[in-house]
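Taken from TrEMBL as is:
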- A:9-34: transmembrane segment (TRANSMEM)
- A:54-76: transmembrane segment (TRANSMEM)
- A:88-105: transmembrane segment (TRANSMEM)
- A:111-132: transmembrane segment (TRANSMEM)
- A:141-160: transmembrane segment (TRANSMEM)
- A:197-215: transmembrane segment (TRANSMEM)
- A:245-265: transmembrane segment (TRANSMEM)
- A:271-289: transmembrane segment (TRANSMEM)
- A:296-314: transmembrane segment (TRANSMEM)
- A:326-342: transmembrane segment (TRANSMEM)
């Protein structure tokens, strides 16, 4: 039993490791091809990651990526591809910022209200795709991509000063107004201008534990994974597959909505035109790289946050910081390829083993027959 | 995962040190200036490149050592704070944030470095003793473009293409439309924006500008003004191929190498002298009299204006007379140009 588990673990880890190694090698080749030193940028990045202010940025970004990647992963476990995490994240951040700025409540309540509104908005937006899928059979891939575009237009309209937006005097930015201090999530100040670790980062980690527990230790998690493996089989064993689809879409959207909270509650306290975008797309790669496993996703999120933040000063040293984007892009391709390779290898190995065992078993039987 | 854990191990050993500590140089005598770019970075043929031109000029003429930093995609205010902080700690003075997105970050960082001058382009919402707000009257330049368009148009229909629908570009629209209407009340202005924020493709993708311009040409427009950064070159191409007029933006696009094939159709360009504003700020710091507060560039100081490089434009004396009159009226305060449509 132990031996098989070790095998499984090795094969499970082989995919990401293969993907990372090949992406690093390919990136170095790109650097070489452009006539740059392939080693120094990597050294610089590792050096950068040693500084406290960069570490704060990395940790905060990890929390954001982690939440968004959990949102993607829960869909993946259900065999649903929620590409709409980015739209859900942006819309939820915007709506919750508007609600947060319009009320003033005692501290914890104010924060709770904003967080709940964000989760509900995200869930609502993803739920549209869920309902379309369960009632009309519309592929969630198509509908969530479209909902991303609709979210963009909806936000652009809502944030106009004549609707919900505010244009601060003298600014060319549009915001949703500043949330009162009671709605700021306290963080950990790292001192000396090194920045603050967003308090919501710890909520993100806690949600990782909840994710693990719900998926592996509850009836709901079992149903979800079963439906993801085979919808018809799950249905035959009494699982309402349609309800599972809708539920997991709602949870995915809710988590996507929460992924805007570290930034909103810990830093900007408003939604503006310069609110970070693209989180939901990076999260897809992170969930893939982390194999939908809460610990794997944490490391993948940490890696991507490291690539993002440690590279920020590369251009000052004369290296294009875009190399990290190349690296991230190659990781996406490498992940898909290496997982397939590893899967095939695993299947072949399994077949071999079964064959060997059968042969061995057969031999014993023959022995017995002979002896008898 | 190897790298991630290596990074973790490293961070555990080097905790507490800031990336900025190592930055301070010994040669504090020489003036060092830094600019932090907006989305797109250097090479956008527009806003950021203009800022770089100002820094380059300062390097050449003032013997200033320049530093540049580019943003990463999808970054937040915290990243901008970190970037400005490290530029300031490295001894750069002034540190200039290119674009309004830097406003919240400058507000935080400027308070920590009272002896460093911070410049911000296109924003007056953050103020401080050591903050210079470099702003432009884009609407005034655009008003003149409207006058020129109304005069040059034969069909009575002109077009406006905005890159991304943000307040800044709406200033261009407001001035242009007012200029057209004041010159020819019966003229029709077709207005179109290419994308909505946070999708900034409308400043970057020429095919979008080309398609939008084509649509306006089909509706009878014969002068098209595109305030759309790099995407505007697509609009210029479409107008040129149809034998109609285009009006450029930000720099004198008649002289831009990439648009040489269409330059005969570029009637004029609304210039916005970002490069001079950057140069002037650096110079003021070097001279020991740093600019502070709102530094406005309008028609009166030629901070915005119309380019007259196209020989065909110079031949249109009637048009030039109207433009010059409008310019004088704005400077004298007889015409107030709206900043929002």
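Each residue, glycine too, has its Cβ placed from N, Cα and C.
Note that this is a predicted model, so its numbers are computed, not measured.
Below 8 angstroms of C-beta separation, residues 41-42, 289-291, 296, 300, 303, 323, 326-327, 330-331, 334-335, 337-339, 341-342, 345-346, 349 of the same chain, each at least six residues beyond the ends of the transmembrane segment (A:9-34), sit close to that stretch. Among A:88-105, A:111-132, A:141-160, A:197-215, A:271-289, A:271-289 has the largest number of CB pairs under 8 A with the transmembrane segment (A:326-342). Sequence-distant neighbours of the transmembrane segment (A:245-265) (same chain, 6+ residues past either end, Cβ-Cβ under 8 Å): 60, 63-65, 67-68, 70-72, 74-75, 77-78, 80, 82, 84-86, 88-93, 96-97, 100, 111, 114-115, 118-127, 129-131, 133-134, 140, 179, 183-185, 198-201, 203-204, 207, 220, 224, 227, 271, 275-276, 279-280, 283. Ranked by the number of CB pairs under 8 Å to the transmembrane segment (A:141-160), the listed stretches A:54-76, A:271-289, A:296-314 are led by A:271-289. Cβ atoms under 8 Å from those of the transmembrane segment (A:54-76) belong to residues 48, 82, 85, 88-89, 122, 140, 190, 194-198, 200-202, 204-205, 207-208, 211, 215, 224, 228, 248-249, 251-256, 258-263, 266, 276, 279-280, 282-284, 286-288, 290, 292, 294, 297-298, 300-302, 304-306, 308-310, 312 of the same chain, restricted to positions at least 6 beyond its ends. Residues of the same chain lying 6 or more positions beyond the ends of the transmembrane segment (A:296-314) and with a Cβ under 8 Å from any Cβ of it are 16, 20, 41, 44-46, 48-49, 54, 57-63, 65-66, 69-70, 73, 205, 208, 282, 285-287, 289-290, 320-321, 323-324, 327-328. Residues 71, 82, 84, 87-89, 91-93, 95-97, 99-100, 103, 105, 138, 140, 143-144, 147, 151, 179, 182-185, 245-246, 248-258, 260-261, 264-265 of the same chain, all 6+ positions outside the transmembrane segment (A:111-132), place their C-beta atoms under 8 angstroms from a C-beta of that stretch.
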